[in-house]
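According to TrEMBL, the feature transmembrane segment maps to 39-57, 69-88, 94-117, 137-160, 199-222, 289-311, 323-341, 347-365, 410-429. For 438-458, the entry in TrEMBL reads region 'Disordered'.
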Amino acid sequence: MERNLKNVLVISFGFLLLFTAYGGLQSLQSSLHSEEGLGVASLSVLYAALILSSMFLPPVLIKKLGCKWTIAGSMCCYIAFSLGNFYASWYTLIPTSVILGLGGAPLWSAKCTYLTIAGNSYAEKAGKNGKDIINQYFGVFFLIFQSSGIWGNLISSLIFSQASNKVEISEENLACCGAYDCMTDTSNTTGPAGPSNSLIYTLLGVYTASGVLAVLLIVMFLDQIKSDQAKTEKEILETPSFWSTFLATFQHLKDKRQCLLIPLTMYSGFEQGFLSGDYTKTYVTCALGIHYVGYVMICFSAVNSLCSLLFGKISQFTGRKLLFALATVTNTACIIALLLWKPHPEQIAVFFVFPALWGLSDAIWQTQTNGLYGVLFEKHTEAAFANYRLWESCGFVIAFGYSTKLQVYIKLYILLSVLVLSMVTYGVVEYLEGKSSPGTPTATKKENVGPVTQETHM
(Lines of atoms letter the chains of each structure in order from A and count residues from 1; the text may use other names and numbers.)
(Lines give C-alpha, C1' and ligand atoms only; values in the text may rest on other atoms or scores of the structure.)
Protein backbone atom coordinates (compact mmCIF):
# COMPACT_ATOMS: atom_id res chain seq x y z
CA MET A 1 0.00 0.00 0.00
CA GLU A 2 2.82 2.39 0.88
CA ARG A 3 4.36 2.14 -2.58
CA ASN A 4 1.06 2.64 -4.39
CA LEU A 5 0.14 5.54 -2.13
CA LYS A 6 3.54 7.08 -2.83
CA ASN A 7 2.84 6.97 -6.57
CA VAL A 8 -0.60 8.52 -6.07
CA LEU A 9 0.95 11.34 -4.05
CA VAL A 10 3.69 11.88 -6.67
CA ILE A 11 1.09 12.26 -9.44
CA SER A 12 -1.10 14.47 -7.23
CA PHE A 13 1.67 16.89 -6.29
CA GLY A 14 3.01 16.84 -9.86
CA PHE A 15 -0.39 18.00 -11.14
CA LEU A 16 -0.61 20.52 -8.29
CA LEU A 17 2.67 22.14 -9.36
CA LEU A 18 1.77 22.06 -13.05
CA PHE A 19 -1.74 23.52 -12.71
CA THR A 20 -0.64 26.08 -10.14
CA ALA A 21 1.16 27.60 -13.12
CA TYR A 22 -1.39 26.93 -15.85
CA GLY A 23 -4.46 27.93 -13.79
CA GLY A 24 -2.97 31.26 -12.79
CA LEU A 25 -1.79 31.95 -16.32
CA GLN A 26 -5.17 31.15 -17.88
CA SER A 27 -6.94 33.64 -15.59
CA LEU A 28 -4.55 36.39 -16.75
CA GLN A 29 -4.54 35.76 -20.51
CA SER A 30 -7.30 38.24 -21.41
CA SER A 31 -5.70 40.95 -19.25
CA LEU A 32 -2.00 40.38 -19.98
CA HIS A 33 -2.37 40.02 -23.76
CA SER A 34 -5.34 42.21 -24.68
CA GLU A 35 -3.83 43.61 -27.90
CA GLU A 36 -6.01 42.42 -30.79
CA GLY A 37 -7.49 39.82 -28.45
CA LEU A 38 -4.35 37.69 -28.44
CA GLY A 39 -4.95 36.28 -24.95
CA VAL A 40 -8.48 34.97 -25.51
CA ALA A 41 -7.59 33.87 -29.05
CA SER A 42 -4.85 31.67 -27.59
CA LEU A 43 -7.34 30.10 -25.18
CA SER A 44 -9.80 29.45 -28.01
CA VAL A 45 -7.07 27.76 -30.08
CA LEU A 46 -5.98 25.81 -27.00
CA TYR A 47 -9.41 24.24 -26.47
CA ALA A 48 -9.82 23.56 -30.20
CA ALA A 49 -6.53 21.64 -30.10
CA LEU A 50 -7.78 19.82 -27.00
CA ILE A 51 -10.81 18.57 -28.94
CA LEU A 52 -8.58 17.11 -31.66
CA SER A 53 -6.21 15.69 -29.07
CA SER A 54 -9.05 13.96 -27.22
CA MET A 55 -10.10 12.19 -30.41
CA PHE A 56 -6.75 10.85 -31.56
CA LEU A 57 -3.74 11.05 -29.25
CA PRO A 58 -4.30 9.45 -25.80
CA PRO A 59 -4.48 5.73 -26.76
CA VAL A 60 -1.59 6.04 -29.22
CA LEU A 61 0.79 7.82 -26.84
CA ILE A 62 -0.01 5.66 -23.82
CA LYS A 63 0.57 2.51 -25.85
CA LYS A 64 3.89 3.76 -27.22
CA LEU A 65 5.31 5.52 -24.15
CA GLY A 66 3.45 4.06 -21.18
CA CYS A 67 1.65 6.12 -18.54
CA LYS A 68 4.70 7.57 -16.78
CA TRP A 69 6.41 9.00 -19.86
CA THR A 70 3.13 10.16 -21.39
CA ILE A 71 2.49 12.19 -18.23
CA ALA A 72 6.02 13.63 -18.24
CA GLY A 73 5.96 14.46 -21.95
CA SER A 74 2.50 16.03 -21.79
CA MET A 75 3.61 18.20 -18.87
CA CYS A 76 6.36 19.59 -21.08
CA CYS A 77 3.62 20.87 -23.41
CA TYR A 78 2.32 23.02 -20.55
CA ILE A 79 5.81 24.37 -19.91
CA ALA A 80 6.01 25.37 -23.59
CA PHE A 81 2.90 27.51 -23.10
CA SER A 82 4.51 29.28 -20.13
CA LEU A 83 7.63 29.95 -22.22
CA GLY A 84 5.48 31.29 -25.07
CA ASN A 85 4.12 33.96 -22.72
CA PHE A 86 7.61 35.45 -22.18
CA TYR A 87 7.56 36.98 -25.66
CA ALA A 88 3.85 36.92 -26.38
CA SER A 89 2.91 37.39 -30.03
CA TRP A 90 0.77 35.61 -32.59
CA TYR A 91 3.90 33.69 -33.65
CA THR A 92 4.73 32.40 -30.16
CA LEU A 93 1.50 32.17 -28.17
CA ILE A 94 -0.74 30.50 -30.76
CA PRO A 95 1.72 27.65 -31.59
CA THR A 96 2.39 27.00 -27.88
CA SER A 97 -1.37 27.02 -27.25
CA VAL A 98 -1.74 24.30 -29.87
CA ILE A 99 1.07 22.32 -28.21
CA LEU A 100 -0.61 22.61 -24.80
CA GLY A 101 -3.98 21.58 -26.23
CA LEU A 102 -2.47 18.52 -27.88
CA GLY A 103 -0.78 17.53 -24.62
CA GLY A 104 -3.85 18.07 -22.44
CA ALA A 105 -5.89 14.99 -23.33
CA PRO A 106 -2.98 12.47 -23.11
CA LEU A 107 -2.00 13.94 -19.73
CA TRP A 108 -5.41 13.39 -18.15
CA SER A 109 -5.96 10.02 -19.84
CA ALA A 110 -2.56 8.72 -18.69
CA LYS A 111 -3.24 9.93 -15.15
CA CYS A 112 -6.64 8.19 -15.05
CA THR A 113 -5.16 5.01 -16.54
CA TYR A 114 -2.27 4.96 -14.06
CA LEU A 115 -4.50 5.45 -11.01
CA THR A 116 -6.92 2.81 -12.29
CA ILE A 117 -4.15 0.25 -12.84
CA ALA A 118 -2.58 1.03 -9.45
CA GLY A 119 -5.94 0.74 -7.69
CA ASN A 120 -6.85 -2.54 -9.35
CA SER A 121 -3.37 -3.96 -8.69
CA TYR A 122 -3.49 -3.19 -4.97
CA ALA A 123 -7.11 -4.37 -4.64
CA GLU A 124 -6.23 -7.72 -6.24
CA LYS A 125 -3.32 -8.29 -3.87
CA ALA A 126 -5.25 -7.14 -0.80
CA GLY A 127 -8.48 -8.93 -1.72
CA LYS A 128 -10.48 -5.70 -1.76
CA ASN A 129 -13.00 -4.18 -4.15
CA GLY A 130 -11.16 -2.50 -7.04
CA LYS A 131 -13.71 0.33 -7.41
CA ASP A 132 -13.36 1.25 -3.74
CA ILE A 133 -9.57 1.56 -3.97
CA ILE A 134 -9.75 3.49 -7.25
CA ASN A 135 -12.25 5.93 -5.71
CA GLN A 136 -9.90 6.41 -2.75
CA TYR A 137 -7.00 7.16 -5.09
CA PHE A 138 -9.03 9.67 -7.10
CA GLY A 139 -10.25 11.23 -3.85
CA VAL A 140 -6.66 11.78 -2.69
CA PHE A 141 -5.72 13.15 -6.12
CA PHE A 142 -8.51 15.73 -6.31
CA LEU A 143 -8.13 16.74 -2.67
CA ILE A 144 -4.57 17.86 -3.49
CA PHE A 145 -5.14 18.98 -7.09
CA GLN A 146 -8.15 21.26 -6.46
CA SER A 147 -6.06 23.67 -4.40
CA SER A 148 -3.95 24.55 -7.47
CA GLY A 149 -6.43 27.28 -8.43
CA ILE A 150 -5.81 28.98 -5.11
CA TRP A 151 -1.99 28.83 -5.18
CA GLY A 152 -1.59 29.88 -8.82
CA ASN A 153 -3.81 32.93 -8.44
CA LEU A 154 -2.29 33.85 -5.07
CA ILE A 155 1.19 33.89 -6.62
CA SER A 156 0.10 36.23 -9.43
CA SER A 157 -1.64 38.66 -7.08
CA LEU A 158 1.26 38.78 -4.62
CA ILE A 159 3.76 39.45 -7.39
CA PHE A 160 1.67 42.06 -9.23
CA SER A 161 0.79 43.83 -5.99
CA GLN A 162 4.48 44.79 -5.75
CA ALA A 163 3.98 47.25 -8.63
CA SER A 164 5.06 50.75 -7.66
CA ASN A 165 3.25 52.54 -10.49
CA LYS A 166 -0.32 52.17 -9.28
CA VAL A 167 -2.46 55.21 -10.07
CA GLU A 168 -6.03 56.24 -9.49
CA ILE A 169 -8.28 55.33 -12.39
CA SER A 170 -10.32 58.20 -13.78
CA GLU A 171 -14.10 58.26 -13.92
CA GLU A 172 -13.80 58.56 -17.70
CA ASN A 173 -11.93 55.26 -17.90
CA LEU A 174 -14.30 53.63 -15.40
CA ALA A 175 -17.12 54.36 -17.85
CA CYS A 176 -15.48 51.83 -20.19
CA CYS A 177 -15.67 49.05 -17.59
CA GLY A 178 -18.50 46.57 -17.21
CA ALA A 179 -21.20 45.33 -19.55
CA TYR A 180 -21.04 48.31 -21.92
CA ASP A 181 -17.28 48.30 -22.36
CA CYS A 182 -15.59 50.56 -24.91
CA MET A 183 -14.25 48.03 -27.36
CA THR A 184 -12.40 50.70 -29.35
CA ASP A 185 -10.62 51.98 -26.27
CA THR A 186 -7.72 49.62 -25.54
CA SER A 187 -5.86 52.00 -23.29
CA ASN A 188 -7.72 50.72 -20.26
CA THR A 189 -7.61 47.01 -20.93
CA THR A 190 -4.74 46.42 -18.57
CA GLY A 191 -6.27 48.40 -15.74
CA PRO A 192 -5.20 51.58 -13.94
CA ALA A 193 -1.54 50.71 -14.43
CA GLY A 194 -0.22 47.63 -16.16
CA PRO A 195 2.48 45.63 -14.39
CA SER A 196 6.06 46.25 -15.43
CA ASN A 197 7.87 43.79 -17.67
CA SER A 198 10.11 42.79 -14.78
CA LEU A 199 7.11 41.72 -12.69
CA ILE A 200 5.59 39.84 -15.63
CA TYR A 201 8.88 38.03 -16.24
CA THR A 202 9.16 37.23 -12.52
CA LEU A 203 5.69 35.69 -12.53
CA LEU A 204 6.37 33.70 -15.70
CA GLY A 205 9.68 32.54 -14.25
CA VAL A 206 7.93 31.23 -11.12
CA TYR A 207 5.27 29.50 -13.22
CA THR A 208 7.86 27.93 -15.54
CA ALA A 209 9.92 26.72 -12.59
CA SER A 210 6.76 25.19 -11.07
CA GLY A 211 6.15 23.27 -14.31
CA VAL A 212 9.75 22.07 -14.49
CA LEU A 213 9.55 20.83 -10.88
CA ALA A 214 6.39 18.91 -11.80
CA VAL A 215 8.20 17.11 -14.64
CA LEU A 216 11.22 16.32 -12.44
CA LEU A 217 8.94 14.96 -9.73
CA ILE A 218 7.29 12.57 -12.18
CA VAL A 219 10.54 11.49 -13.89
CA MET A 220 12.44 10.88 -10.64
CA PHE A 221 9.85 9.45 -8.28
CA LEU A 222 6.96 7.93 -10.24
CA ASP A 223 7.30 4.18 -10.74
CA GLN A 224 6.66 2.69 -14.15
CA ILE A 225 3.87 0.16 -14.53
CA LYS A 226 5.31 -3.16 -13.42
CA SER A 227 5.63 -6.04 -15.85
CA ASP A 228 2.91 -8.05 -14.11
CA GLN A 229 0.56 -5.11 -14.72
CA ALA A 230 1.26 -4.93 -18.45
CA LYS A 231 -1.73 -7.10 -19.22
CA THR A 232 -3.98 -4.85 -17.16
CA GLU A 233 -2.67 -1.78 -18.97
CA LYS A 234 -3.20 -3.46 -22.34
CA GLU A 235 -6.77 -4.40 -21.44
CA ILE A 236 -7.57 -0.86 -20.33
CA LEU A 237 -6.19 0.65 -23.52
CA GLU A 238 -7.55 -1.90 -25.99
CA THR A 239 -11.03 -2.55 -24.63
CA PRO A 240 -12.72 -1.09 -26.55
CA SER A 241 -10.41 -0.29 -29.45
CA PHE A 242 -9.45 3.24 -30.34
CA TRP A 243 -11.48 3.39 -33.56
CA SER A 244 -14.55 1.83 -31.99
CA THR A 245 -14.40 4.45 -29.23
CA PHE A 246 -13.94 7.21 -31.80
CA LEU A 247 -16.93 6.06 -33.82
CA ALA A 248 -18.99 5.40 -30.70
CA THR A 249 -18.61 9.05 -29.70
CA PHE A 250 -20.52 10.16 -32.76
CA GLN A 251 -22.84 7.16 -32.92
CA HIS A 252 -23.93 8.09 -29.41
CA LEU A 253 -25.55 11.21 -30.89
CA LYS A 254 -28.29 8.91 -32.20
CA ASP A 255 -29.56 8.90 -28.62
CA LYS A 256 -32.13 11.69 -28.40
CA ARG A 257 -31.23 12.40 -24.78
CA GLN A 258 -27.58 13.03 -25.68
CA CYS A 259 -28.60 15.56 -28.34
CA LEU A 260 -30.89 17.31 -25.86
CA LEU A 261 -28.03 17.58 -23.34
CA ILE A 262 -25.68 19.33 -25.81
CA PRO A 263 -26.84 22.89 -24.84
CA LEU A 264 -26.40 22.12 -21.11
CA THR A 265 -22.93 20.67 -21.71
CA MET A 266 -21.86 23.58 -23.90
CA TYR A 267 -23.18 26.05 -21.32
CA SER A 268 -20.59 24.73 -18.88
CA GLY A 269 -17.89 25.91 -21.31
CA PHE A 270 -19.66 29.22 -21.98
CA GLU A 271 -20.01 30.20 -18.32
CA GLN A 272 -16.45 29.23 -17.37
CA GLY A 273 -15.13 31.03 -20.46
CA PHE A 274 -17.03 34.20 -19.55
CA LEU A 275 -15.68 34.30 -16.01
CA SER A 276 -12.03 33.71 -16.91
CA GLY A 277 -12.05 35.66 -20.19
CA ASP A 278 -14.49 38.55 -19.77
CA TYR A 279 -15.23 39.14 -16.09
CA THR A 280 -11.55 39.21 -15.15
CA LYS A 281 -10.75 41.72 -17.91
CA THR A 282 -13.71 44.11 -18.24
CA TYR A 283 -14.75 44.21 -14.60
CA VAL A 284 -11.80 43.35 -12.34
CA THR A 285 -8.71 44.44 -14.31
CA CYS A 286 -10.46 47.44 -15.80
CA ALA A 287 -11.72 48.90 -12.51
CA LEU A 288 -9.27 47.58 -9.89
CA GLY A 289 -6.11 46.51 -11.70
CA ILE A 290 -4.59 43.22 -12.79
CA HIS A 291 -3.22 42.47 -9.31
CA TYR A 292 -6.80 41.82 -8.10
CA VAL A 293 -7.52 39.11 -10.70
CA GLY A 294 -5.79 36.43 -8.65
CA TYR A 295 -7.65 37.26 -5.44
CA VAL A 296 -11.00 37.21 -7.26
CA MET A 297 -10.26 33.84 -8.89
CA ILE A 298 -9.13 32.43 -5.53
CA CYS A 299 -12.61 33.26 -4.25
CA PHE A 300 -14.13 31.40 -7.21
CA SER A 301 -11.86 28.36 -6.79
CA ALA A 302 -12.39 28.08 -3.04
CA VAL A 303 -16.19 28.31 -3.23
CA ASN A 304 -16.24 25.96 -6.23
CA SER A 305 -14.21 23.28 -4.43
CA LEU A 306 -16.25 23.45 -1.21
CA CYS A 307 -19.58 23.43 -3.05
CA SER A 308 -18.49 20.57 -5.33
CA LEU A 309 -17.89 18.45 -2.25
CA LEU A 310 -21.15 19.63 -0.64
CA PHE A 311 -23.44 19.19 -3.64
CA GLY A 312 -21.87 15.86 -4.57
CA LYS A 313 -22.99 14.55 -1.17
CA ILE A 314 -26.41 16.20 -0.77
CA SER A 315 -27.62 15.45 -4.31
CA GLN A 316 -28.83 12.04 -3.13
CA PHE A 317 -31.19 13.80 -0.72
CA THR A 318 -32.29 16.83 -2.75
CA GLY A 319 -32.31 15.31 -6.24
CA ARG A 320 -30.61 16.90 -9.22
CA LYS A 321 -33.68 18.91 -10.35
CA LEU A 322 -33.59 21.11 -7.26
CA LEU A 323 -29.84 21.70 -7.60
CA PHE A 324 -30.13 22.57 -11.30
CA ALA A 325 -32.90 25.03 -10.39
CA LEU A 326 -30.64 26.63 -7.76
CA ALA A 327 -27.78 26.99 -10.27
CA THR A 328 -30.13 28.46 -12.89
CA VAL A 329 -31.58 31.05 -10.53
CA THR A 330 -28.13 31.98 -9.20
CA ASN A 331 -26.55 32.33 -12.66
CA THR A 332 -29.55 34.26 -14.02
CA ALA A 333 -29.42 36.69 -11.10
CA CYS A 334 -25.66 37.19 -11.65
CA ILE A 335 -26.10 37.83 -15.38
CA ILE A 336 -28.86 40.40 -14.82
CA ALA A 337 -26.82 42.10 -12.06
CA LEU A 338 -23.72 42.23 -14.30
CA LEU A 339 -25.80 43.91 -17.01
CA LEU A 340 -26.92 46.61 -14.58
CA TRP A 341 -23.82 47.06 -12.40
CA LYS A 342 -21.20 49.71 -13.16
CA PRO A 343 -17.99 48.50 -11.47
CA HIS A 344 -16.26 51.02 -9.21
CA PRO A 345 -13.16 50.65 -6.98
CA GLU A 346 -15.17 51.77 -3.94
CA GLN A 347 -17.32 48.63 -4.20
CA ILE A 348 -14.50 46.11 -3.75
CA ALA A 349 -16.69 43.54 -1.94
CA VAL A 350 -19.03 43.30 -4.94
CA PHE A 351 -16.15 42.16 -7.17
CA PHE A 352 -15.86 39.05 -4.96
CA VAL A 353 -19.60 38.37 -4.65
CA PHE A 354 -19.96 37.50 -8.34
CA PRO A 355 -17.16 34.89 -8.52
CA ALA A 356 -18.40 33.36 -5.24
CA LEU A 357 -21.91 32.93 -6.65
CA TRP A 358 -20.44 31.81 -9.98
CA GLY A 359 -18.39 29.19 -8.12
CA LEU A 360 -21.52 27.90 -6.39
CA SER A 361 -23.32 27.56 -9.73
CA ASP A 362 -20.34 26.03 -11.52
CA ALA A 363 -20.02 23.40 -8.79
CA ILE A 364 -23.57 22.30 -9.57
CA TRP A 365 -23.06 22.36 -13.34
CA GLN A 366 -19.94 20.22 -13.00
CA THR A 367 -21.03 17.63 -10.43
CA GLN A 368 -24.63 17.23 -11.51
CA THR A 369 -24.03 17.21 -15.27
CA ASN A 370 -21.34 14.56 -14.80
CA GLY A 371 -23.70 12.63 -12.55
CA LEU A 372 -26.54 13.00 -15.05
CA TYR A 373 -24.41 11.52 -17.82
CA GLY A 374 -23.43 8.63 -15.56
CA VAL A 375 -27.06 7.84 -14.68
CA LEU A 376 -28.60 8.24 -18.15
CA PHE A 377 -25.87 6.48 -20.13
CA GLU A 378 -24.73 3.82 -17.68
CA LYS A 379 -24.18 1.26 -20.45
CA HIS A 380 -22.27 3.65 -22.72
CA THR A 381 -20.26 5.74 -20.28
CA GLU A 382 -17.11 6.04 -22.40
CA ALA A 383 -18.96 7.38 -25.46
CA ALA A 384 -21.15 9.58 -23.25
CA PHE A 385 -18.24 11.24 -21.43
CA ALA A 386 -16.34 11.64 -24.70
CA ASN A 387 -19.35 13.67 -25.87
CA TYR A 388 -19.28 15.59 -22.59
CA ARG A 389 -15.64 16.60 -23.13
CA LEU A 390 -16.30 17.38 -26.80
CA TRP A 391 -19.28 19.70 -26.30
CA GLU A 392 -17.91 21.44 -23.20
CA SER A 393 -14.70 22.18 -25.11
CA CYS A 394 -16.80 23.53 -27.99
CA GLY A 395 -18.42 25.91 -25.50
CA PHE A 396 -14.98 27.15 -24.44
CA VAL A 397 -13.85 27.59 -28.06
CA ILE A 398 -16.94 29.63 -29.00
CA ALA A 399 -16.87 31.74 -25.81
CA PHE A 400 -13.20 32.65 -26.23
CA GLY A 401 -13.57 32.92 -30.01
CA TYR A 402 -16.14 35.74 -29.98
CA SER A 403 -14.70 37.38 -26.86
CA THR A 404 -12.97 40.22 -28.75
CA LYS A 405 -15.70 40.67 -31.36
CA LEU A 406 -18.67 41.51 -29.15
CA GLN A 407 -19.39 43.89 -26.30
CA VAL A 408 -19.82 42.29 -22.89
CA TYR A 409 -23.56 42.99 -22.67
CA ILE A 410 -24.13 40.99 -25.87
CA LYS A 411 -22.09 38.10 -24.43
CA LEU A 412 -24.24 38.23 -21.29
CA TYR A 413 -27.41 38.03 -23.38
CA ILE A 414 -25.94 35.06 -25.28
CA LEU A 415 -25.03 33.42 -21.97
CA LEU A 416 -28.58 33.94 -20.68
CA SER A 417 -30.09 32.58 -23.90
CA VAL A 418 -27.95 29.44 -23.81
CA LEU A 419 -28.87 28.95 -20.13
CA VAL A 420 -32.60 29.18 -20.88
CA LEU A 421 -32.24 26.79 -23.84
CA SER A 422 -30.22 24.40 -21.64
CA MET A 423 -32.92 24.26 -18.99
CA VAL A 424 -35.67 23.72 -21.58
CA THR A 425 -33.84 20.80 -23.22
CA TYR A 426 -32.83 19.42 -19.82
CA GLY A 427 -36.49 19.54 -18.77
CA VAL A 428 -37.39 17.50 -21.86
CA VAL A 429 -34.77 14.90 -20.87
CA GLU A 430 -36.25 14.60 -17.39
CA TYR A 431 -39.73 14.33 -18.90
CA LEU A 432 -38.62 11.54 -21.24
CA GLU A 433 -36.92 9.71 -18.37
CA GLY A 434 -39.98 9.99 -16.17
CA LYS A 435 -42.18 8.80 -19.01
CA SER A 436 -39.98 5.79 -19.80
CA SER A 437 -39.73 4.71 -16.16
CA PRO A 438 -42.73 6.19 -14.31
CA GLY A 439 -42.15 4.07 -11.22
CA THR A 440 -38.53 5.15 -10.78
CA PRO A 441 -37.83 8.50 -9.10
CA THR A 442 -34.81 9.32 -11.30
CA ALA A 443 -34.47 12.75 -9.78
CA THR A 444 -33.70 11.28 -6.39
CA LYS A 445 -31.37 8.47 -7.43
CA LYS A 446 -28.05 8.44 -5.69
CA GLU A 447 -25.73 9.63 -8.39
CA ASN A 448 -22.15 8.43 -8.49
CA VAL A 449 -20.36 11.55 -9.54
CA GLY A 450 -16.98 10.72 -10.98
CA PRO A 451 -13.98 13.02 -10.88
CA VAL A 452 -14.33 16.19 -12.90
CA THR A 453 -11.25 16.43 -15.06
CA GLN A 454 -11.89 19.32 -17.40
CA GLU A 455 -13.50 22.53 -16.99
CA THR A 456 -10.97 25.28 -16.51
CA HIS A 457 -8.55 22.60 -15.10
CA MET A 458 -7.75 21.25 -18.54
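For all residues, glycine too, the Cβ spot is worked out from N, Cα and C.
The stretches the transmembrane segment (39-57) and the transmembrane segment (289-311) are not in mutual contact, being linked by fewer than three Cβ pairs under 8 Å (pairs 6 or more apart in sequence). Sequence-distant neighbours of the transmembrane segment (69-88) (same chain, 6+ residues past either end, Cβ-Cβ under 8 Å): 11, 14, 18, 21-22, 25, 32-33, 38, 46, 61-62, 95-97, 99-100, 102-104, 106-107, 109-111, 114, 201, 204, 207-208, 211-212, 214-215, 218-219, 222. With pairs at least 6 apart in sequence, the transmembrane segment (289-311) and the transmembrane segment (347-365) have 3 or more Cβ pairs within the 8 Å limit; the two touch. Listed by sequence, the residues of this chain that lie at least six past the ends of the transmembrane segment (323-341) yet keep a Cβ under 8 A from its Cβ atoms are 178-179, 271, 279, 283, 311, 315, 350, 354, 357-358, 360-361, 364-365, 368, 408-409, 412, 415-416, 419, 423, 426. Using the rule of three or more Cβ pairs under 8 Å, pairs at least 6 apart in sequence, the transmembrane segment (289-311) is not in contact with the transmembrane segment (94-117).
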